[in-house]
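This report refers to the structure that appears directly beneath it.
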Amino acid sequence: MKILVDENIPYAQALFSRLGEVQIVNGREITALNILAADALIVRSVTRVDQSLLDGSLVQFVGTATAGIDHVDKDWLEQVGIRFSSAPGCNAIAVVEYVFSALLWLAQRDGFDLRDKTVGIIGVGHVGRLLHQRLYTLGVRTLLCDPPQADAGVIDDWQSMEKLVAEADVLTLHTPLTYHGPHTTWHLVNEDLLSALPSAKRILINTCRGAVVDNLALLRALEGGKLLSIVLDVWDPEPDLLLPLLARVDIGTAHIAGYSLEGKVRGTLQIFNAYSTFLGISEQLNLSTILPAPIVERVRWRGAIDEDALRRLAHLVYDLRRDDMLLRRTIHLPRGFDQLRKSYFERREWSSLYVDTDNSTSADKLIKLGFHALTN
């Protein structure tokens, strides 16, 4: 059994070697030639998986250790009988905590209280739903917009994009990238939408797919004096992003919003378990058996959990300003964008931190926000 695996999927060598011979490759350099004799292909979003790659190969199973699947021709795989598995929701917690880190930092820098803002969440899947829940815990008003889910009757209290544009202080994007159908998301944020934004300063956050935002239109809007605070983790194009746009955004990172260690391992495990099932192997592994101890494991907090407390605790685990600084320093180097992603440090999720509190109300709030908390 030969398994071709992207080199940037954590713990893949150790896990998939239980199931067969593992060959590690650069995800951007996977070709029809080097996959010809493989039985399984395990990729990330940088690899386009379709007929041109797999036709004539021995591949029987394709797994992507990512939540998004727009890089995979799922219909063709189904037509030819190749089993496919993805990792939906694997990085949802990491993305939500990235968005929180950005909002908490902007609130501190610009002197506002998040509870005085309205957050418009565009796309209410795994990430959008969790973000809504955590913002609700903090007392922040949200507006939800997801036309496909609204059409399917999944969301009752949904709002139109026009309402979000008019009323939301923050627009945060969590949609898949789609090019066809009634609710296309390609260039969802375009010149028309940007022009329709009120004159008061707004915050725009994109952590889903780069092309959901027309990057050229956004750059022109900023150059024209549009009052926007911009947080971009994804770009169009990647890895050769628009440098003038990077120079104007408030936070710019290298497509790493979902790159927590827990999220990465969660994605790897989901694919490992799916492939094990495909092979008829009953062994299933879980996250707790793999993760190492965090650098900061336990702290003591006395008092209420307000925004300042949350910012301190959150940034103790992860502060996205570090990633912003790294991208600006390395983007001019050869393969700087990809190298940042490849060598990304072991960032942890809030759940890695145990907080000893002095009252049950604070502990309950911290638990709802994703931390481990105890009352002493």
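A Cβ is built for glycine as well, from the same backbone N, Cα and C atoms used for every other residue.
What you see is a predicted model, and the numbers here were worked out from it, not measured in a lab.
Together with Thr175, Asp233, Gly258, the NAD(+) site in TrEMBL holds one more listed residue from Asp146, Asp151, Asp214, Asp306, which is Asp146.
Site annotation (TrEMBL): substrate is bound by Ser45, Tyr259, and the candidate from Thr66, Thr207, Thr289, Thr330 recorded at this site is Thr66.
Among the recorded positions Ser45, Thr66, Glu238, none has a Cα sitting within 10 Å of the Cα of Thr175 (NAD(+) binding site). All protein chains included, Asp233 (NAD(+) binding site) registers 26 other Cβ atoms within 10 Å of its own Cβ.
Here Arg209 (active site) comes close to Gly68, Asp70, Thr175, Pro176, Leu177, Thr185, Val234: these same-chain residues lie at least six apart in sequence, with C-beta atoms under 8 angstroms from its C-beta. Taking each of the recorded positions Asp146, Glu238 in turn and counting other Cβ atoms within 10 Å of its Cβ gives the largest count for Asp146.
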